[in-house]
Structures are given as C-alpha cells and as structure tokens.
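Novice: OK, TrEMBL features for this one:
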COMPBIAS  B:1-10  compositional bias 'Basic and acidic residues'
REGION    B:1-20  region 'Disordered'
TRANSMEM  B:38-55  transmembrane segment
TRANSMEM  B:61-83  transmembrane segment
TRANSMEM  B:104-127  transmembrane segment
TRANSMEM  B:133-151  transmembrane segment
TRANSMEM  B:158-180  transmembrane segment
TRANSMEM  B:186-206  transmembrane segment
TRANSMEM  B:232-249  transmembrane segment
TRANSMEM  B:255-275  transmembrane segment
TRANSMEM  B:295-315  transmembrane segment
Amino acid sequence: MSDDDKMPGHPSGGQEPEGVVLTEEQKRRRRARSIAIALVLAALCLLFYAVTIVKLGPAVLIRPL
Amino acid sequence: MSDVASREYDSPPNAPRALDMPSHASVADYVALLKPRVMSLVIFTALVGIVRAPGEVHPVIAFTALLCIAIGAGASGALNMWWDADIDAVMTRTRRRPIPAGNVTPGEALAFGMTLAVGSVLVLGLLVNALSAALLAFTIFFYIVIYTMWLKRWTPQNIVIGGAAGAFPPMVGWAAASGGLGLESLLLFLIIFFWTPPHFWALALYKSGDYARAGVPMLPVVSGTAETRRQILIYTLLLVPLAMSPFFLGMAGLAYGTVSGVSGALMLLLAVQVYRRREGAAAEIAARRLFGFSILYLFLLFAVLLVEAVAPAWFGL
C-alpha cells in the first residue's frame, strides 16, 4: 500500500478503514445532536412526572401494595 | 482508497450526499427546521386562546398544551421545508434554509417533522384532551397537505385558504384549556384568517420576482400588482372592524377597543398608501411599511387581549 492510500487523520494510519469515517466536525455535530436528544428526553420525563402528579394528585402514592 | 473514503474526503461540506453518508446537520439546523419565528407567533396566539378560555386550567396542563402546540407548529415547519426544498433553493429569502444549504437531507427533515407531528398530537391527546389534539392534528394536516402540497403551487388564493392553518392555534389553545369551542375563539381565528392576506401580499408585492422565479402563483405574479393592491385594501377593510368586534360584542374591554381602533386605523391608512402608491421606490416602501406594521398590529391585538385576561388576577384590577 502506498502513502497515498493512507487515511489522513485516521488512527490506524495505513490500515484500510471499514465503513464511513467521520471527520472531527461530523463527530462534534453528532455529539451535539446526541446531547440535545438526551436533554429533550430528560425534559419529557420531568413533564410526564409533573402531569401525572397534577392529574392524579398526591393520592398516586397511596395504593394497595 | 475505498469509494466511501474518497466520497468522504472529496465532497465539499454542502454537497448533496447519499443516504448512507454521515449527517452534517447541527442542532442549530434542526432548530431552523422548526421555523422559530413562526413558532413564536403560534405560541403567543395559542397562549391568548388558553388564558381567554372560560374555566380554570392548571398551569402545568396549560404549559403542556402550549408546548405541544409549539412542537406541532415546528413539525409543520419542518415538513413544509421538506416538501418545498426545491422552491426554497431558488428564492433569496429561503435559500439558506437547512435543506437547500445542504446541511440537512430531505429524509432527515421528513423523519424529524413526522416524529414531532405524531408526538405532539399524541402527547396533547393523552395529557390534555382529545378535542385539542384533534384540532392540532387537523392544523398540521391542513398546513402540509392542503396548503403546502396542494394550494401553494396551484392557486393565487393559496395564502387566503392556507391562512386558516396559521389561524387555528388560538382555537387549539382555547380547546385545550376549556375542552370546547366558543364564539370568542372563532373570532380569534377569523382575525388571523383575515390578517393573513394583506400581510403576505404586502410581502409578495416587493418579493414577486422571487415567487415568479420559483413558479409559485402568488397573486402579484398571476393577477398583477394592481389587483393585489385592490385585494389588500378589501381584506384590510374587512379585517379592521372584525378585529374591533370583540370589544363591540362585550368580550374585550376598553383598552382593547382603543388599541384595536387606533392600530386598525393605522393599518387601513397603510393599506390605502399601498393602493395609491404604485410606482418606484415609494410603492416598495409602502408595501414594506404595511408588511412590518401588520406584524405589530396582530401582536398588539393579542397582547391587549392577554393583558386584559390576566390583569384582574395579577394586579387586582
């Protein structure tokens, strides 16, 4: 394999990469999207908890075991 | 070098990509798909519907309803951008949107829009009530299927009929808060419905080249600017008394009557200027003034309705 075949910035140097290799910018954007999704899911958990308490009231905790 | 790797390093950042390529989309691109400025107007008018509705609604339920309406509006924006990406690419006003800019693929926008549309309607139905969820679903359907897919490219009356989609949010808010629909919610709907044509046609008057290039049959492109000016005046003549009707019907107070009267007179004056100034820079300035003021006009009407609804409780008036 010649030097021209090496992937720039790829940790394996001259190893042929498998699949799609993300650029640093793509990795940064994917991480930002993942964090945004995590925050939205956390906010939805809080929302469903709050609505449950509002709709059912404190009695939601009083139930036969 | 493999084919995938060569595509990876040879493609410019904004080039169209195959579906198997990694996404370039940033969080800001997804936020842009939601049309945040349109969303802010939807949130505001829906809030007015919620606070004006009869009966008590828990703040958490009201917040949930507002959130779902906002997300539903955002979903409509994303689906609109998915369908209209070809038009957006040739219009100066819209060519920097995420899809024509190459940051988001149409498939990503479609998946994002559909997820939010289904999610917002389901959550509104499960956590608030079925009527408001049905109305929100109909609003999204109306905006995407009736307006975006059908009317927009077919008739110069596109924004007249399609304007109903933008007029529904206060009605959805009203239904979320009260579980029903009232005459006042219908008036709120009609005010936005009759406000939409003069607002958009004023914009279309000085952006008609854009619409013509994109093949969108806006009224100035199809019927000419003289007919557009006449229609703007007619719709403004209908809008101003309609906007004052909540006061005359006893649904709003003196503050609303005063503000709707004064701002309505200004709106009418600007519409008359658009009708009379037909040539050169003066014509464009008149159209730009009407477009700008129409936004302030609608904001003032709904802001006073909001203040009149909350002031007695908050300030003991």
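Note that Cβ sites are derived from N, Cα and C of the backbone, with glycine treated the same way.
Note: TrEMBL annotation is automatic and uncurated.
Note that the structure is predicted; figures quoted are calculated from it, not measured.
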Novice: Using a Cβ cut-off under 8 Å, which residues of the same chain at least 6 positions beyond either end of the transmembrane segment (B:186-206) come close to it?
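Specialist: For the transmembrane segment (B:186-206), the far contacts come to 45, 48-49, 52, 159-160, 163-164, 166-168, 170-171, 174, 218-221, 225, 228-229, 231-232, 235-236, 238-239, 242-243, 245-246, 249, 251, 267, 271, 274, 283-284, 287-288, 290-291, 294-295, 297-298, 301-302, 305.
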Novice: State the residues, same chain only, that lie 6 or more residues beyond the ends of the transmembrane segment (B:295-315) and have a CB under 8 A from a CB inside it; answer 'none' if no residue qualifies.
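Specialist: Apart from its flanks, the transmembrane segment (B:295-315) reaches 41, 44-45, 47-48, 51-52, 170, 188, 191-192, 195, 199, 243, 246, 252-253, 255-256, 259-260, 263-264, 266-267.
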Novice: With a Cβ cut-off under 8 Å, give me the same-chain residues at least six positions beyond the ends of the transmembrane segment (B:38-55) that come close to it.
Specialist: 62, 65-66, 69-70, 73-74, 77, 166, 169-179, 182, 184-185, 188, 192, 298-299, 302, 305-306, 309-310
Novice: Please indicate, using numbers and ranges, the residues of the same chain that are 6 or more beyond the transmembrane segment (B:232-249) and have a C-beta under 8 Å from a C-beta there.
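Specialist: For the transmembrane segment (B:232-249), the nonlocal Cβ contacts are 183-184, 187, 190-191, 194-195, 197-198, 201-202, 256-257, 260-261, 264-265, 267-268, 271-272, 274-275, 290, 301, 305.
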Novice: At a threshold of under 8 Å on Cβ distances, which of B:61-83, B:133-151, B:255-275 pairs most often with the transmembrane segment (B:104-127)?
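Specialist: It is B:61-83, which has the most Cβ pairs under 8 Å.
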